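Q: Sending over a structure as structure tokens; questions will come in a sec.
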Number of protein chains: 2
Amino acid sequence: MKIETKIAHFSSPLYLESGRILEPYEIAYETYGELNEDRSNVVLVCHALSGSHHAAGVYEGDRKAGWWDGLIGDGKAVDTTKYFVVCSNTIGSCFGSTGPMSDNYPSHEPYRLKFPVVTIKDMVRAQMQLLSHLGIYHVRAIIGGSMGGMQALQFAVDYPNFADEIISLAATYATRPWTIAFNKVAMEAIRKDPRFEHGNYERGAFKEEGLDGLAIGRIAGHISYLSPETMDKKFGRNYVNNDGLFELFGRYEVERYMEYNTANFSRMFDPLSYLYIVKAINTFNLSRGYDSLHDAISRIKAKVHLISFGTDYLFFPCEMEHIAKMMERNGQPFSYKEVESDYGHDAFLVELDKFEEDIRRVLS
Amino acid sequence: MKIETKIAHFSSPLYLESGRILEPYEIAYETYGELNEDRSNVVLVCHALSGSHHAAGVYEGDRKAGWWDGLIGDGKAVDTTKYFVVCSNTIGSCFGSTGPMSDNYPSHEPYRLKFPVVTIKDMVRAQMQLLSHLGIYHVRAIIGGSMGGMQALQFAVDYPNFADEIISLAATYATRPWTIAFNKVAMEAIRKDPRFEHGNYERGAFKEEGLDGLAIGRIAGHISYLSPETMDKKFGRNYVNNDGLFELFGRYEVERYMEYNTANFSRMFDPLSYLYIVKAINTFNLSRGYDSLHDAISRIKAKVHLISFGTDYLFFPCEMEHIAKMMERNGQPFSYKEVESDYGHDAFLVELDKFEEDIRRVLS
């Protein structure tokens, strides 16, 4: 199938949790499969911090498939011969939806630091607008991992009648200080980088040479996405071949991995977007706006499927379990599975074989 | 007692593991208690990454006590009415022993990046020189936590007849890629900071305004010294009072803690020293220079006491257990204790009540 990014334009305001307004705004999205006549076959997929609306398929002339291509496609767990799959870029991101480097209408100057803080709740509200724009008022399922899993849960709480099934992987009910601390490395490293210019850098400034601060922050990110066990298997104490053990800047393989991956990332991701999305993750708290977490969870009417990963050092299994136990006590329909994995938090992106059958079953 | 830092000068070369030579060199140290007549009451204390020779007591006119003051002193677990305690600043550090900002003899210019890479083995060898300079050829015990615990173990392996008892806390047999990755954040953040000037900054350049890169790297450090559980208890999701939740740079309490502690640190610790010591930690591997870890461990003649902490996310309990199991199989004298703690890696500095009786017993 031909994969195309579409842009939906909205001239009506998006009311944000902060009390501020985003107006106008755009949402970049992709769809896979065909919408059936009674519009009852929609699956919404939500992406994580560094992801985008490009969840599946390969662009013409491109080589790399979407970030969950192993899961979404004809005959796959999210079967596009049956389902109409929608994935959109979250507001605040830098892949086509309105974010801090978008025009601060009516000027043609970017918002930069004038962009309003957005939250997971806001991301969810924007997606509701998109779906309504597409004539979709109910979906079969909402699926996401990490920040995508937060969105799936937020949908379940804020719009109890909107989805039949919620599948949330490697997420939490509220971001813990441990994760906020990891994000702090990125926030400080970006802010303190002189080339960040307090947010006043030019568009495209980092296309050739990425922002060091973002690359440094991303090292902390990668630590939290892996686990000690993964790193042992993946790198061990192997040293880079041509580096000297007694050279100060000689590198272990894990260091080369960090350098390579983070340098690439800092060329393709906008640092302001990174700050805004990280802020959205930090402020995520399912109970905000409700009397308590219990109150928020009790609102849920969809069947919720929680999947955690044993070696996830960013959002620990106990966090998903906390939700599961609460739903159990409430007598709400749910399932909980802790996947044994050595891949840490990243397992939701790489160890698809460990949970694709669960997703297939939910959707069948 | 009056606490004084002494400096020992060495004009003979220190032969380093790298094949390079440090000559001349100095070692800053402190002693507490009195050396008895037959010199049989010596306890050597080894410090961690950010520590110094100032392990106990309070300097005249100062308020802050040494980093293990709760453990070392008259009537304390390391009882200075009985023992003569020696603690020295490791070579490469910035508190008086020869390090990268020391004169590159015979010039009066600092070594900077010309300083040789030093290892835990080298730090141990330098301490052997210091003790020999003090007329001490055998010690009752060697105690240290984290990098200090690495040194204690390295003493046990390299100089099997030197100490009766080895007490190693919160350490490992070889640094794993997980820890190297945390250190990588600091290495990159320091190197990429323009004020680091590729190591060519002036002495005292960061006394007023610390190096941002070091502060950023130190955030990653603090993450690894704490644990998710500690952070929950210490900070929860508390937000700084006068910061707005929907301000991009509004802060959670955990963020304020990181800012405050790391900014202070970056004014008092030399960034080049940080790079060199972190490198020493990364390259730590008890088996290097021997046929295998088993071969290295088998050399040990001292009684080894291993203490790990349940929530240590830097050097996990399983790493100390690995050594314990090996010694058990070998029939070597050892003890192993995993302390239940919510303080993470830092427990070896703050939860003294959880292990001071063990140390008292070993020394009694």
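Counting begins at 1 with the first residue displayed.
Note that Cβ sites are derived from N, Cα and C of the backbone, with glycine treated the same way.
The annotation domain 'AB hydrolase-1' is assigned in TrEMBL to B:41-351. The active site, nucleophile feature in TrEMBL is assigned to B:Ser146. Positions annotated as substrate binding site by TrEMBL: B:Arg218, B:Asp346. The annotation active site is assigned in TrEMBL to B:Asp312, B:His345.
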Q: Give me the count of other Cβ atoms within 10 A of the Cβ belonging to the residue listed as 'active site, nucleophile'.
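A: Result for the residue listed as 'active site, nucleophile': 27 other Cβ atoms within 10 Å.
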Q: Near B:Ser146 (active site, nucleophile), which recorded positions out of B:Arg218, B:His345, B:Asp346 have their CA within 10 Å?
A: B:His345, B:Asp346
Q: Around B:Asp346 (substrate binding site), which residues of its chain at least 6 apart sit with Cβ under 8 Å of its Cβ?
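A: Looking at Cβ-Cβ distances below 8 Å from B:Asp346 (substrate binding site), excluding near sequence neighbours, one finds B:Tyr225, B:Leu226, B:Thr230.
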Q: Can you tell me how far the Cα of B:Asp312 (active site) sits from the Cα of B:His345 (active site), in Å?
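A: About 4 Å separates the two Cα atoms.
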Q: Far apart in sequence but close in space: which same-chain residues, 6 or more away, have a Cβ under 8 Å from B:His345 (active site)?
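A: Counting only residues 6 or more apart in sequence, the Cβ neighbours of B:His345 (active site) under 8 Å are B:Ser146, B:Ala170, B:Ser224, B:Tyr225, B:Leu226, B:Ser227, B:Phe309, B:Asp312, B:Tyr313, B:Leu314, B:Phe315.
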Q: Long-range same-chain neighbours of B:Arg218 (substrate binding site), Cβ under 8 Å, sequence gap at least 6?
A: B:Ala186, B:Asn261, B:Thr262, B:Phe265, B:Ser266
Q: Just counting, how many other CB atoms are there within 10 A of the CB of B:Asp312 (active site)?
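A: Its Cβ shell of radius 10 Å holds 28 other Cβ atoms.
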Q: Please average pLDDT over the domain 'AB hydrolase-1' (B:41-351) for the predicted structure.
A: 97
